[in-house]
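Enquirer: Feature list, courtesy of TrEMBL:
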- 12-32: transmembrane segment (TRANSMEM)
- 44-62: transmembrane segment (TRANSMEM)
- 68-313: domain 'Cytochrome c assembly protein' (DOMAIN)
- 74-91: transmembrane segment (TRANSMEM)
- 138-165: transmembrane segment (TRANSMEM)
- 223-246: transmembrane segment (TRANSMEM)
- 261-276: transmembrane segment (TRANSMEM)
- 288-312: transmembrane segment (TRANSMEM)
Amino acid sequence: MIFLTFEHILTHISLSIVSVLITIYLITLLVDEIVELDNSSEKGMIAIFFCITGLLITRWIYSRHFPLSDLYESLIFLSWSFSVIHMVPYFKKHQNNLNAITAPSALFTQGFATSGLLTEMHQSAILVPALQSQWLMMHVSMMVLSYATLLCGSLLSVALLVITFRKDIRIFGKSIYLVNGLLSFREGQYINKNKRSNILRMNSLLSDRNYRKYQLIQQLDYWSYRVISLGFIFLTIGILSGAVWANEAWGSYWNWDPKETWAFITWTIFAIYLHTRTNKNLQGANSAIVASVGFLIIWICYFGVNLLGIGLHSYGSFNI
């Protein structure tokens, strides 16, 4: 009873912090960067991390099984995974573009999990026979960790595509401006020295902006590749451990269950992504398109299949 009460307290605290942090992020989007708000958001993310960690440990103690038996618990673990990924560069004092992805992901996942939509799943239940195995921790934790890392890497690829598209527009506009400038130079009798200096200054400014965008694209591509590579390893371990567990529980390594099928599709998509990375001509925007498709496939595998409530993994479904 004490652990249950403590879980409710942590749930309400985490939901309150999520609400405050989402408000802070919305303010920073509308207002210029404020250092105090940035520091508050980072401290809030640390508080969220410890709240979720305490929530998982508390649920583990009183339920007497690793808290990954249903969609609610997996969502809590998913938000915890996002917060772990967010904390790693923070404690290393190394800021990168990954934090802009992990923080909102952790907040919205935790907010959805602790909202009233999954109230029926908040109460821990006895494990079904198929889940009463030591493979539960190994298989499900690896799968959820792979979802978290692959989603973060895919979102970085989506950001890369957006910035690349904007970069192309700016370069196109710059080219037109340069052409107009060259034509104007040929018609020197119509342009004075001030206008010429303004043209050169504007071209220099555009070049500097495009160079900064190029650097940002390279960083996004670099981190996307690293994060997706890590997620792909987690996904491979999760699928292999799940196959061994399936053989013990159902007598077959692979049953083409909807969850298994979409997990295989997810693995294939990101295997294609990693393959495109070996070809320099396909790196950047081309490989980012594959990763963006993978982003949608992950949500179908993780969330969409649970909506169906069919197959051997139907115990992970939910009712809204």
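Start at 1 and count along the chain as shown; that gives each residue its number.
Note: Cβ is positioned from N, Cα and C throughout, glycine not excepted.
Quick caveat, the model's predicted, so the values are computed rather than measured.
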Enquirer: Compare 74-91, 138-165, 223-246 by their Cβ pairs under 8 Å to the transmembrane segment (288-312) and return the stretch that comes out on top.
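Expert: Ranked by Cβ pairs under 8 Å, first place goes to 138-165.
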Enquirer: Which bits of the chain, at least 6 residues beyond where the transmembrane segment (74-91) starts or stops, bring a Cβ under 8 A of a Cβ in it?
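Expert: Beyond its ends, the transmembrane segment (74-91) has Cβ neighbours at 42, 45-46, 48-49, 52-53, 55-56, 59, 67-68, 98-99, 102-103, 105-106, 109-110, 112-113, 118, 140-141, 144-145, 147-149, 152, 227, 316.
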